[in-house]
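What follows is a short report on a single structure.
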Amino acid sequence: MPHPRRYHSSERGSRGSYHEHYQSRKHKRRRSRSWSSSSDRTRRRRREDSYHVRSRSSYDDHSSDRRLYDRRYCGSYRRNDYSRDRGEAYYDTDFRQSYEYHRENSSYRSQRSSRRKHRRRRRRSRTFSRSSSHSSRRAKSVEDDAEGHLIYHVGDWLQERYEIVSTLGEGTFGRVVQCVDHRRGGTQVALKIIKNVEKYKEAARLEINVLEKINEKDPDNKNLCVQMFDWFDYHGHMCISFELLGLSTFDFLKDNNYLPYPIHQVRHMAFQLCQAVKFLHDNKLTHTDLKPENILFVNSDYELTYNLEKKRDERSVKSTAVRVVDFGSATFDHEHHSTIVSTRHYRAPEVILELGWSQPCDVWSIGCIIFEYYVGFTLFQTHDNREHLAMMERILGPVPSRMIRKTRKQKYFYRGRLDWDENTSAGRYVRENCKPLRRYLTSEAEDHHQLFDLIENMLEYEPAKRLTLGEALQHPFFACLRTEPPNTKLWDSSRDISR
């Protein structure tokens, strides 16, 4: 297979910011980014429940088969909410069959056919970066596979700068590869290569816009959000260069047989997470997709010990320094807020009930994440709104009547109470696998009770009563980690990066 063709690209500084270039494009008129991105997010979230990689089977008569802790794993750099079916649907069925047939018969005729297919696909997408003027005329040596992934090999160079070392992961959005950045003195970086599919490219553009503004606000990378080094368009593939990080906190948990993190590690990881997301909130930005998959260790090296009682090896991460990643769904306060946000298991009740959302929905997600670190499994393992609300009531108590009166989703309620039958298969599942929050405590030690007090306040039903992250950082559970006086800010929030 031919290798990607090399092109020299101008430095990022010479082409201006992503936002400036995006606004200056002379293509045909299109809808505003905030409208189009939000509608895309809405479509994506509305379909999430049917295809998310961690979904359980639908209700049946075999409740014993519905395991609360069964979490299927997608070995990608980050988990995302696009389905494989939606990614493939970009291509016509006939095109996919033809492509696969010709790949099996690797002849000169198949190569010409493949080029014609690439030309047809290129007419359906638009290039973006000024430095990628060559991209509008795809080089004969650059090919995509049937799903739109760039075909590459170890040792290939991109932009005469990035030398591919290995593949770190693959998702429906694209692939992430480890590269040597020869313009940064041989620094190892993670390069996200987005599929040559317009909806994924648009999501990447939105993420770039947010990351550039975060970089402007936090040039020294003190606020624990992943650092973007560079971006470019390589023959229709949006590429984003990031600092190279370790495994996600979910991947490490899975590889460790879902053994919970020790409480001192939970404390440090939770403290950093609150710091990073508070930085976003102070600058009028809501992440909207916080989950263990989107929190990565800076270095996931570990020590291995053998547990005689359980007769298995157990891993303990050496450093709990983390970074928050994946800003593709992040939303500024002034932007349109789509109805549904967040991955199901970390979705706040105001989102489920369509009461509107803002920064407190991130706090709810953080509460769910901290719980998962502590016990090793997801708090709300479901993909159905009614069942999700039933789990909340079983664990946290009744949904407030004020929220019930305000919601448009009255189909979930009857006479001011959740319409839920505990004698069904779903009802038995919730009753057998969910219990009041405090009953998940594994120790009666004071710091364990402090942790659950923090989680309870983060999982307050009503957003206005929910703990803010500024308050969370002052919680007694974090007392041993606080090095700054209570009123000292870790950053200057007087500047607004939202515009």
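Each Cβ is built from the backbone N, Cα and C atoms, and glycine gets one as well.
Note that this is a predicted model, so its numbers are computed, not measured.
The region 'Disordered' annotation in Swiss-Prot covers 1-65 (among others).
Residues or ranges marked as compositional bias 'Basic and acidic residues' in Swiss-Prot: 8-23 (among others).
Annotated compositional bias 'Basic residues' per Swiss-Prot: 24-33 (among others), in sequence order.
If you look up Swiss-Prot, you'll see 47-65 (among others) marked as compositional bias 'Basic and acidic residues'.
Feature annotation from Swiss-Prot assigns region 'Disordered' to 102-142 (among others).
Residues or ranges marked as compositional bias 'Basic residues' in Swiss-Prot: 112-127 (among others).
The feature phosphothreonine is assigned by Swiss-Prot to THR127 (among others), with similarity to another entry given as support.
For 163-479, the entry in Swiss-Prot reads domain 'Protein kinase'.
Under the DSSP three-state reduction, THR172 (ATP binding site) is assigned to coil, being neither helix nor strand. For LEU168, GLY169, GLU170, GLY171, THR172, PHE173, GLY174, ARG175, VAL176, LYS192, the entry in Swiss-Prot reads ATP binding site, with the evidence type sequence analysis.
Under the DSSP three-state reduction, THR343 (phosphothreonine) is assigned to coil, being neither helix nor strand. As annotated by Swiss-Prot, phosphothreonine applies to THR343 (among others), with the evidence given as experimental evidence.
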Protein Cβ atoms within 10 Å of THR343 (phosphothreonine), excluding its own: 22
GLU170 (ATP binding site) CB neighbourhood, other CB atoms within 10 A: 17
Counting across all protein chains shown, how many other Cβ atoms sit within 10 Å of the Cβ of LEU168 (ATP binding site)? 19
